[in-house]
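Pulled from TrEMBL, these are the features on record:
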BINDING   64, 94, 97, 182  Fe cation 1 binding site
BINDING   94, 146, 182, 185  Fe cation 2 binding site
């Protein structure tokens with residue numbers, strides 16, 4: 001019996017190591033220095049908090065999904081132009097944002113908005129149609145959309161800071177990082193002649209009005 005027990009104990013690291021590796025791979029980089037049992041979102045304290053967080057995550061996911069489709073539309077038109085590499089660089093960052101929110105939604109069993117098929121078509125159409133106006137049109141679209149997303153992220157940051165900043169440390173880090181990326185895209189658009197597009201302010205206001213409507217319905221549907 002003593003030998004059997006020793007053999008079991010000796011084999012124990014071999015048995016648990018694969019499981020531990022699989023679990024660690026599921027965690028985000030920030031978790032490596034954290035002892036918490038969750039990656040980004042803490043377990044909800046009540047139904048009200050759960051609904052608040054789910055609305056936030058749902059609309060953030062929808063926004064990143066829509067942004068991906070916009071850049072896809074722009075690349076379909078301008079991918080082989082001189083502007084293609086710049087658009088691809090911004091799109092690659094948006095892909096990382098979307099992948100992160102896909103992960104967070106799955107971990108926390110958050111239902112994405114039912115309007116994703118609509119944002120799929122609308123986002124691609126917006127990206128492609130503004131890109132048909134040339135580089136300036138694509139950049140004008142980027143400025144309008146990224147400014148709207150940045151403002152929305154800022155409003156979420158304020159809400160979470162008022163709620164409980166220590167409780168939402170990881171989520172705040174994610175949102176702040178993505179907000180900074182969106183602002184970089186916004187500034188890139190301005191640096192590449194977005195405002196030189198005829199009717200720039202009219203187009204920008206129209207796009208941002210659509211963004212506000214999309215944010216409103218994505219939170220609820």
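The backbone N, Cα and C atoms fix where each Cβ goes, and this holds for glycine too.
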Nearest of the binding-site residues (64, 94, 97, 182) to residue 146 (Fe cation 2 binding site) - Cα to Cα = 182
What is the separation, in Å, between the Cα atoms of residue 97 (Fe cation 1 binding site) and residue 185 (Fe cation 2 binding site)?
-> 13
CB contacts for residue 182 (Fe cation 1 binding site) [other CB atoms within 10 A, all chains] | 27
Taking only the Cα atoms, work out how far residue 64 (Fe cation 1 binding site) lies from residue 185 (Fe cation 2 binding site), in Å, as a whole number.
-> 13
Just checking, which of 64, 94, 146 (binding-site residues) has the fewest C-beta atoms within 10 Å of its C-beta?
-> 64
With every protein chain in view, how many other Cβ atoms are within 10 Å of the Cβ of residue 185 (Fe cation 2 binding site)?
-> 25
Using an 8 Å cut-off from the Cβ centroid of 64, 94, 97, 182, can you name the remaining same-chain residues around the Fe cation 1 site, in sequence order?
-> 63, 67, 68, 93, 96, 98, 149, 178, 181
So for residue 97 (Fe cation 1 binding site), how many other CB atoms are inside 10 Å of its CB?
-> 22
Sorry to bug you, but what's the C-alpha spacing from residue 185 (Fe cation 2 binding site) to residue 94 (Fe cation 1 binding site), rounded to the closest Å?
-> 10
